[in-house]
Ligand code: IFM
């Protein structure tokens, strides 16, 4: 079956349900000489940080090929395109707009508008300007205010070309992967850093929400969070407790401050030096109302109790994608239902979902049946959540095309379009055709 189908009466087959594809600036644009350096340029230049030793200098060369890429997006028949803005491309070191960078995005946004494709703009997808990292990066509270200033300038420049703004993409990844275990830029390691960075990221989000409310009250403004639901290996109470701690540490840490105005209670159990520096009023800023919540989902994790830590994560088992993540769509439904029960949520958009597959291109075809199956199962999982009463209004495939997969370099392919990095030729994979058919059959 190289089709993706949904039950005939599914809300996801109504025209109002938005289908899109997603990308991020550093992963596709290239042309690093046309912008300020960012933390990922520096990280890639260090040894043993990226699996294939690559970097984002060329990536998908989208900086020069954006026009044909938008034509490609349009050819898929999607309603929306989720892209991110490279902060170091649009803001100079002295904090002013860089007209060359702004024009690059203005041209894209105008072309999307012309084609009636809604622009879902993410303002931060991990490419922090290096000069800000040199000043402490997300460990420095000042970075949150710099972010709000950038958001202020760029949203005025974009005028009414945008449909939706997300402040941050996956602050968990920026904070934990970047500042706690160091597998992402800027590569800092230390348990004492993660929650401090997370707090400044969330503060940046809250400050930016006020700016958006002032400059762009007619767009859908919110944040994109990733969730890897935590399951206990069995029913033993110590393992259930371990999984619940992991869930608070990795998942709830980023959503609870936004909707409940506080961090999970495990905060009290963390050593003092790991506590974020919370100033009076911060939690009110962070819990500014949002118009939507973006949810990124790929997989789940399984935990058991540990003798010398709060929890132990077990290796993934079962069916795995090429990046080693378990295929477990049931966790997607359960996640959406549990978030809906726990929090008073605005409408949800699935802002990322997809699979890394070891694709091969043969005679101009990419037969990526495993990816089609992944989309099929996960779209059905979303449908079940909707049927049980969760308000989900859109779905974005990650990703439009193969791109720079962070610490994995170009070795892992997530696209529904294949990219030959030598020739930069794009070829729609079978999953891309299936996605297009699903959308056009509505
Ligand atoms: O490629 C990333 C994306 O940048 C953020 N969410 C997860 C994707 C797959 O790892």
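In case you wondered, yes, glycine gets a Cβ from its N, Cα and C as well.
What TrEMBL records for this protein:
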type     : residues                         : note
BINDING  : 27, 125, 169, 298, 398, 405, 406 : substrate binding site
ACT_SITE : 170                              : active site, proton donor
ACT_SITE : 352                              : active site, nucleophile
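Locations of recorded TrEMBL features on the structure.
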{"residue": "27", "record": "substrate binding site", "DSSP (3 states)": "helix"}
{"residue": "125", "record": "substrate binding site", "DSSP (3 states)": "coil"}
{"residue": "169", "record": "substrate binding site", "DSSP (3 states)": "strand"}
{"residue": "298", "record": "substrate binding site", "DSSP (3 states)": "coil"}
{"residue": "352", "record": "active site, nucleophile", "DSSP (3 states)": "strand"}
{"residue": "398", "record": "substrate binding site", "DSSP (3 states)": "strand"}
{"residue": "405", "record": "substrate binding site", "DSSP (3 states)": "coil"}
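Packing around residue 169 (substrate binding site) is summarised by its Cβ count: 24 other Cβ atoms lie within 10 angstroms of its Cβ, all protein chains included. Each of 24, 170, 352, 399, 403, 414 belongs to the same chain as 27, 125, 169, 298, 398, 405, 406, is absent from that list, and has a C-beta within 8 angstroms of the C-beta centroid marking the substrate site. On a Cα basis, residue 352 (active site, nucleophile) lies 10 Å away from residue 169 (substrate binding site). In this entry, substrate is bound by 27, 125, 169, 298, 398, 405, 406, whose most widely separated C-alpha atoms sit 18 angstrom apart. Fewest Cβ neighbours within 10 Å among the recorded positions 352, 405: that distinction goes to 405. Each residue contributes its Cα atom, and for residue 352 (active site, nucleophile) and residue 405 (substrate binding site) these two points are 14 Å apart. Taking the Cα atom of each, residue 125 (substrate binding site) and the residue listed as 'active site, proton donor' are about 8 angstrom apart. Across the structure, residue 27 (substrate binding site) and residue 170 (active site, proton donor) are spaced 15 Å apart at their Cα atoms. If you measure from the Cα atom of residue 406 (substrate binding site) to that of the residue listed as 'active site, proton donor', you get 14 Å. Residue 398 (substrate binding site) sits 14 Å from the residue listed as 'active site, proton donor', taking the Cα positions as reference. Listed in sequence order, the residues of the same chain lying 6 or more apart from residue 298 (substrate binding site) and placing their CB within less than 8 Å of its CB are 226, 228, 325, 352, 353, 354, 355.
Cβ contacts within 10 Å of residue 170 (active site, proton donor), excluding its own Cβ and spanning all protein chains shown: 25.
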